[in-house]
Structures are given as structure tokens and as C-alpha cells.
Amino acid sequence: MAKKWLNKVKWDDNGLVPVIVQEAGSNDVLMFAFMNRDALLRTVELGEAVFWSRSRKRLWHKGEESGHVQKVHEIRLDCDEDVVLLKVTQVDSIACHTGRHSCFFQKFDGDADTGDWQTVEPVLKDPAQIYTKP
């Protein structure tokens, strides 16, 4: 059966679309990733976020190693049809591989000459504990 809805997405030259992941309820931006057609289809089928890992060159089911899956509540396409927004519930409140709630834990503070990036979110769990394989 043809999945015509996938054709509405404007995939880039590599067959990818940028994805913003936002926490349902708080509206916190948790992370940014990419999807290909298969990842978006699997996300819809599973009800959990599946991305395309550009470094591993394979589908990446978020939480497959850590258990920190993202339950998808809503999928939106932006006005240009070239960015996807996932509204999710983040299992165990950890979205970032650094053990933080959000991947956006560094905030610029200061001016153009003396400013710097400050860490503004705590580590909720040591990544060594998250990714230790039994």
C-alpha cells in the first residue's frame, strides 16, 4: 500500500529531513535529529521516535540502548514541509546522551566580546551508568 503522506515531506538531497523533538506538556525542546522515510514510517508504526543516525548509517530507535524512549503524541510538518516536529513524552526524563533532560543544556551568556557558553542543566544520570551493557 502506497504511503502517499510520506511524499508531502520535502526530503533533502540525502533523503533526510530535520526533526525537532519537543516535550509534550512543558514544550521544552529536547533534541534535534534527522529522519529518512523509513525512520518516519517506523515512528508512526511504533508510536516511538526512530531516527536516522548519520554517524552509524542506520535507523536508530531512540532509547534502544539507554531505555530512554520517546513516546510520540503528535507529529507536525512545518509550513515549508521540510522540518518535522515530534511532540513526545520522554521516558525517565533523559533525552540527551550526556544524561541531561535536554540536549540544549548550554546557554550563551554575555556579549560578543566576552561571552561564553554556560551549562544550565544538571546531569540527571551519569552516562557511564546509562550506556553500560550487562
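Every residue, even glycine, has its Cβ placed from backbone N, Cα and C.
In Swiss-Prot this protein carries:
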- Asp78, Asp80, Asp82: Mg(2+) binding site (BINDING)
- Cys79, Cys96, Cys103: Zn(2+) binding site (BINDING)
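The record gives Asp78, Asp80, Asp82 for Mg(2+). Within 8 Å of the mean position of their Cβ atoms, the other Cβ atoms in that chain belong to Lys10, Leu77, Cys79, Glu81, Val83. The 10 Å shell around the Cβ of Cys103 (Zn(2+) binding site) contains 17 further Cβ atoms across the protein chains shown. Counting other Cβ atoms within 10 Å of each Cβ, the lowest count among the binding-site residues Asp78, Asp80 belongs to Asp80. Shown are the binding-site residues Cys79, Cys96; of these, the residue with the fewest other Cβ atoms within 10 Å is Cys79.
Counting every protein chain shown, the Cβ of Asp82 (Mg(2+) binding site) has 13 other Cβ atoms within 10 Å.
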